[in-house]
Structure formats: structure tokens, C-alpha cells
Amino acid sequence: NQATDVNPAVGVGIALTNHGSSWLWAVFSIFGLTALVHAWYTFYHLHLGRDKFRAYSHIGPLFSAATLAYAYFTIASNLGWTGINVEFHNYQEDQQVRQIFYARYVGWFLAWPGLLYTFELNAQSQHVVSSSDLFSILGHLAVQLCSTEVFVLGLLIGSLISSSYKWGYWTFAVSAQLFALSLLLYRQVASQTKATSLPNLIVMGFYTVCFLLYPVSWGLSEGGNVISVDSESVFYGILDLILFWIIPVVVLYDSRKNG
């Protein structure tokens, strides 16, 4: 792996190394293969024409995996970044500039709608939905999407600010995150059109924990400069794999078994 040699982070002291890049290539490979599998299932079921719901259920995971594959290809190639002066010198005290990958946030911005769509589709597959319920479902989904995107944008803007004002955007992001999470849990666990299966409850638990760890990772990396860029990549990579790779597979299984 020579990505950091071919595309060096010129002028940045705290930057991605070849070890971190190799991990990112592994994550890219997983998402790339996952996208191909979901694409095959989508076209296979559409071609058969017998069970279009199964085809539609793969569209969300396909979109999320594909966009994250593009994002991780960019980050692993040591592209899609900018250098920002750090507020704190907790890591490498003699270095002033940290590498910030804005490509990661673009990937999240595009990937999260597919995941939320998958959650909602699974819940509704376990109920007979009326036309009035459909408008309510679409409205709640739209609010979830907007709130989650505000969360991503808040972290992105905050990461590009070198002063303490970045924490204001972190606060905005967390506020939007908690609102989006509360609405999602209500829809999936407490509403009349909730998903009643045990796998969905387990998924919601894992999603809640991992989702709340994103601002923690941000605070340790782009925000507080406590961990290296490589460690940041591992932290975010594990969270992304759980949310956008493992969880969609479990949700699809739940949808086929209980939907």
C-alpha cells in the first residue's frame, strides 16, 4: 500500500499513515463487496418479478454500502481532506495541523437515508398499512432524515473550525442526533406500526449505542485531538461496519422471517 506516498499529506503534521490506509482499504473492500451482493439480489428479484418487496428491501443497504465504498476509497487513497489547526495539543504536542477527511462526512450524508429507509421498511412489512398511515410514516421518516443530516453537517462544520467555536456545532449536532434517535426509537419500539420482533429490538439497542459513539469519536479525534488519525479511522470504521454492514443484514433477515 503506497497511497500515502503517492498522495502525501503535504503541510500536515498529524496525518494518516500507511497502516491506517490499509485498514481503510479493508473497509472499502467490505462495503464494495456488500454493494455488489445487494445489487445482485435487487436485480435478481426484479427480474423474477414475483417478490418485488425483497428487491425494494435491498435498495437501502445497496445505496448505503455503495456510497460508503466510494467514501472509503477516497479516504484510503489519502484524498478528500484538508488541514486544520488543532485547538488542543494532546496528540503530538509539537504538531499544529491535523488532517480532516471531509469525504467521510459526504459518505455519511448519503448513506444514512438508506439505513433509515431500511428500518422503516422492515417495520411496515410487519403490518397492514392504510393510506392514512402511509402519510404519517413518510412524514416521520422525512423528519428523521432531516435531523440525522443536521447531525452529520454539524460534525462536518465543527471539524473544519480550529477555535473553540467548533464545540457549538458539536452541541447542535448532538441535539439533532438525540432528536432523530428519539423519533426512530418511538417509531420502531413504541408506535402502532412498530416492528415487534426480537431481532429488531436487538438491532435498535446496538444502533443506539453505536450511533451515540459517533460524537464521542469526533471529540477524541477532530475535536479534542486526543487520538491519531489512524486510531480515528479504526474507531469510525468499526462503527460504520456495525451500522451500515452488519445491522442491515440483520434487518433484512428480520424482514424476511417476520415480514
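Sequential numbering from 1, following the chain as shown.
Note: Cβ is positioned from N, Cα and C throughout, glycine not excepted.
Since we're looking at a predicted model, the values are computed, not measured.
What TrEMBL records for this protein:
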- 23-43: transmembrane segment (TRANSMEM)
- 55-81: transmembrane segment (TRANSMEM)
- 101-122: transmembrane segment (TRANSMEM)
- 134-161: transmembrane segment (TRANSMEM)
- 167-186: transmembrane segment (TRANSMEM)
- 198-214: transmembrane segment (TRANSMEM)
- 234-253: transmembrane segment (TRANSMEM)
Any chance you could find the range in 23-43, 55-81, 134-161, 167-186, 198-214 with the most Cβ pairs under 8 Å to the transmembrane segment (101-122)?
55-81
Please indicate, using numbers and ranges, the residues of the same chain that are 6 or more beyond the transmembrane segment (55-81) and have a C-beta under 8 Å from a C-beta there.
3-4, 6-9, 16, 21, 24-25, 27-28, 31-32, 34-35, 38-39, 41-46, 99-104, 106-108, 110-118, 121-122, 125, 233, 237, 240, 244-245, 248-249, 252, 255
Which stretch from 23-43, 167-186, 198-214, 234-253 shares the most C-beta pairs under 8 Å with the transmembrane segment (134-161)?
167-186
Given the transmembrane segment (198-214), its same-chain partners at Cβ distance under 8 Å and 6+ residues beyond its ends are 122-123, 155, 177, 181, 184-185, 188-189, 235-236, 239, 242-243, 247, 250-251, 253-254, 257-258
